[in-house]
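Below: the structure, in structure tokens.
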């Protein structure tokens, strides 16, 4: 059964245009082509990435955080309350006003105390500033090194001089270079390691989109490797790495409180992001993979599959571009720091007290009862 499924999946008519097949990707005349079996090396490499990451965060990221002045906020721990804890874990972390009033009676506390308990309990589950910095510094290091490696992998003159040659598939006149091999393996292993560590990494508002991005990237890299889209895949990964390390560096300076540096890095990141992912990627790369190939051979399943994944990535680019625009708009009036729209903001007791004060001034209810004086007179 497995052999039959494998034969059906790897049918040449699915992944190759008419007249071409797997035999065309056999090494010959001194040229070396990518092998699907090479992808198995990414599993142990991904595990190595997880080990290297732990070592890096402890030996490099933590001292760097101290050097840059990353300061943890003192969090007040929520007192033990079985009633509130049960509701927090089993029902919701964000109870409604009526639920808070009901829970306060059952738990024997006031409404304000119950509201404050939920706020402190939510803060306990939020990642610490140091954890965020460690994660950002690890990704910054990898993306920066990957960007440099991508430039080295595209030293080939023909790959740089003509994007159209990227899509002459699968007849590449050039042999697979060691730099391209390792660039592919390390990039793919890194994204596999991100899937392995997704349960412990900082979860942001675009968590689901990040999972879709990682899966699409892994499938896209693997597919382009198997069918010899090596130079197209290298350029696509390079375009993505060009802005990622700038974003991670902005996060690092944000966590360290270097507001001016953070804002400058964010502006640079936004500019590179829009140029690479909203101009170069769709107008040059997608054009070369979507329009040019049909001038050489009729469309086939592999053609639609590859370009479908690229379009999915472009949709994610647009989604993230909207988030970036929201942050840019907040930044323009002169905000002190650019906040990550995907981050879950930490709640403080001071903010709650200010909110309550504002409600009292506007005649809002307090503890379920109307304010005695609202500051306004009603005329007949």
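Just so you know, glycine gets a Cβ as well, placed from its N, Cα and C.
Heads up, TrEMBL stuff is auto-annotated, nobody curated it.
The model shown is predicted, which means the values in this text are computed figures rather than measured ones.
Feature list (source: TrEMBL):
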| type | residues | note |
| --- | --- | --- |
| DNA_BIND | 73-129 | DNA-binding region |
| COMPBIAS | 346-356 | compositional bias 'Acidic residues' |
| DOMAIN | 71-128 | domain 'Homeobox' |
| DOMAIN | 131-333 | domain 'TLC' |
| REGION | 341-380 | region 'Disordered' |
| TRANSMEM | 37-56 | transmembrane segment |
| TRANSMEM | 140-169 | transmembrane segment |
| TRANSMEM | 181-199 | transmembrane segment |
| TRANSMEM | 211-230 | transmembrane segment |
| TRANSMEM | 261-281 | transmembrane segment |
| TRANSMEM | 301-325 | transmembrane segment |
Near the transmembrane segment (301-325) in space but 6 or more residues beyond its ends, with Cβ under 8 Å, are 13-17, 206, 209, 212-213, 216-217, 219-220, 223-224, 227, 229, 236, 270, 273-274, 277-278, 281-282, 285-286, 289-290, 293-294, 341-342
Within the same chain, the residues 6 or more beyond the ends of the transmembrane segment (181-199) and with Cβ under 8 Å of it are 34, 38-39, 41-43, 45-50, 53, 142, 146, 149-150, 152-153, 211, 214-215, 217-218, 221-222, 225, 230, 233-234, 237
Across the DNA-binding region (73-129), DSSP yields 36 helix, 0 strand, 21 coil
